[in-house]
Amino acid sequence: MRGKFITFEGIDGAGKSTHIDWVADRLRARSDIAGVVTTREPGGTSLGEDLRQILLHRKMHLETEALLMFAARREHIAEVIAPALERGKWVISDRFTDATFAYQGGGRGLATERLEVLEDWVQGGLQPDLTLLFDVPLETASERLAGARAPDRFESESRAFFQRTRDEYLRRAAQSPQRFRVIDATRSIADIRDELEKIIATI
């Protein structure tokens, strides 16, 4: 039986990464699951991690950025995601294609139609079974990022960029309510995990 594919999404500072290992551990405790793989984008493979460093720290044209994102994703799918799903394992990815539509599409303004062509070519019919969108106002995200490590190229973007990115995430969630669950990530970790527990119990 094919495994399930779960993605975590949200703007920088939304707090999604705090919950990935917790959800993975909850799923590993279930007797009906063959195993759980946690991964991330960009990254997840040796080549993907090299591309991640370029994407996070090197200036480039916006179309180059999108193409590199999908190049890393193709490798990620071929080497990690698809094989794990075929073996019946569940895969949890910190970001996937929704992030590209939000950041490169919403944030950068790259045409959705171009991204859809790349999505179809790179992924075929592969889509997450569940996408958890951790949503916070920009003020909350900024407060959480303040004083953290030196910001990368994306974290250094303008407030307007992140507003467009957040708006695109929410637009995609509204378009695909059967796949998305929008999490109010301004709440306490305990409250968020109570909600996550209920969500993962249904899949």
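Heads up, the Cβ atoms here are built off N, Cα and C, so glycines get one too.
For reference, Swiss-Prot has these:
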type    : residues                                               : note
BINDING : GLY10, ILE11, ASP12, GLY13, ALA14, GLY15, LYS16, SER17 : ATP binding site
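Positions of Swiss-Prot features highlighted on the structure.
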residue: GLY10; record: ATP binding site; Cβ within 10 Å: 26
residue: ILE11; record: ATP binding site; Cβ within 10 Å: 30
residue: ASP12; record: ATP binding site; Cβ within 10 Å: 19
residue: GLY13; record: ATP binding site; Cβ within 10 Å: 21
residue: ALA14; record: ATP binding site; Cβ within 10 Å: 22
residue: GLY15; record: ATP binding site; Cβ within 10 Å: 18
residue: LYS16; record: ATP binding site; Cβ within 10 Å: 23
residue: SER17; record: ATP binding site; Cβ within 10 Å: 13
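In sequence order, PHE134, VAL136, ALA141, ARG144, ALA185 are the same-chain residues whose CB sits within 8 A of the CB centroid of GLY10, ILE11, ASP12, GLY13, ALA14, GLY15, LYS16, SER17, the residues recorded for ATP being left out. In the three-state DSSP reading, GLY13 (ATP binding site) counts as coil.
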